[in-house]
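Peer 1: Once you've had a glance at the structure underneath, I'll fire off some questions.
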């Protein structure tokens, strides 16, 4: 892909919605696969009372809409302003207590796990039915739209084409209940092909530092997969 085309795909613009300022992609098709669309606000005439505490709205008790769920609340039930990066808001926005809790948890993904995914890790990669794995660095692209694999060859898999993700684990010690991630089995569609393609990533057995990095990357990918499924189910 030429630098000009890549720049157009990654271009963003600042827009103002009823909920606040958002930095969104120039072209909607090039948005992050982890993103969420803004909700439709419940019309004012349909919510004469707070949808949490049932307080009646009047001149004193003002009505507020949660920017994440779109429901109506009084100030007491919708007072928190929390970052909502999945909707591309520039500043923290007003959210109800339940939504604020979810957004706080997601902030950890953007502050920690996303950085791990962008940095990448080294895996033994097997494509399809191949019996010979290839050592490759797997990372998430800067625009969050592709898994990029670099080794003797170069591959890119669009996150939008991913069908299923299975994290492969093994026990820490015999008989123990705790497990650790050692690999990932991923199925994705290929344009023009009827059957889904398969990719297996396995952490190498060489350097302990490399294994820890791979385990952290797999854990981050597990969290990313949950966000991906939520975005698709919206």
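Counting begins at 1 with the first residue displayed.
The backbone N, Cα and C atoms fix where each Cβ goes, and this holds for glycine too.
OK, Swiss-Prot features for this one:
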- 44-104: zinc finger (ZN_FING)
- 50, 53, 74, 77: Zn(2+) 1 binding site (BINDING)
- 66, 69, 96, 99: Zn(2+) 2 binding site (BINDING)
- 107-234: region 'PH-like' (REGION)
Peer 1: Once 66, 69, 96, 99 are set aside, which residues in the chain still have Cβ within 8 Å of the Cβ centroid of the Zn(2+) 2 site?
Peer 2: 67, 68, 70, 71, 73, 78, 95, 97, 98, 100
Peer 1: Would you identify which of the binding-site residues 66, 69, 77 has the most other C-beta atoms lying within 10 angstroms of its C-beta?
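Peer 2: Going through 66, 69, 77 one by one, the largest Cβ count within 10 Å is at 66.
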Peer 1: Can you tell which of the binding-site residues (50, 53) has the fewest other C-beta atoms within 10 angstroms of its C-beta?
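Peer 2: Relative to the other binding-site residues in 50, 53, 53 has the fewest Cβ atoms within 10 Å.
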Peer 1: Taking the centroid of the Cβ atoms of 50, 53, 74, 77 (Zn(2+) 1 site), which other same-chain residues have Cβ within 8 Å of it?
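Peer 2: The answer, listed by sequence position, is 49, 51, 52, 54, 55, 61, 73, 75, 76, 78.
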Peer 1: For residue 74 (Zn(2+) 1 binding site), what is the secondary structure by DSSP, using just helix, strand and coil?
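Peer 2: In the DSSP reduction, residue 74 (Zn(2+) 1 binding site) maps to coil.
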Peer 1: Between C-alpha atoms, which of these binding-site residues comes nearest to residue 53 (Zn(2+) 1 binding site): 66, 69, 96, 99?
Peer 2: 96
Peer 1: Around residue 74 (Zn(2+) 1 binding site), how many other C-beta atoms are within 10 angstroms of its C-beta?
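Peer 2: Counting Cβ neighbours of residue 74 (Zn(2+) 1 binding site) within 10 Å gives 20.
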Peer 1: With Cβ-Cβ distance below 8 Å and at least 6 positions apart along the chain, what are the contacts of residue 96 (Zn(2+) 2 binding site)? List them in sequence order.
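Peer 2: Spatial neighbours, sequence-distant, of residue 96 (Zn(2+) 2 binding site): 52, 66, 68, 69, 71, 73, 77, 78, 80.
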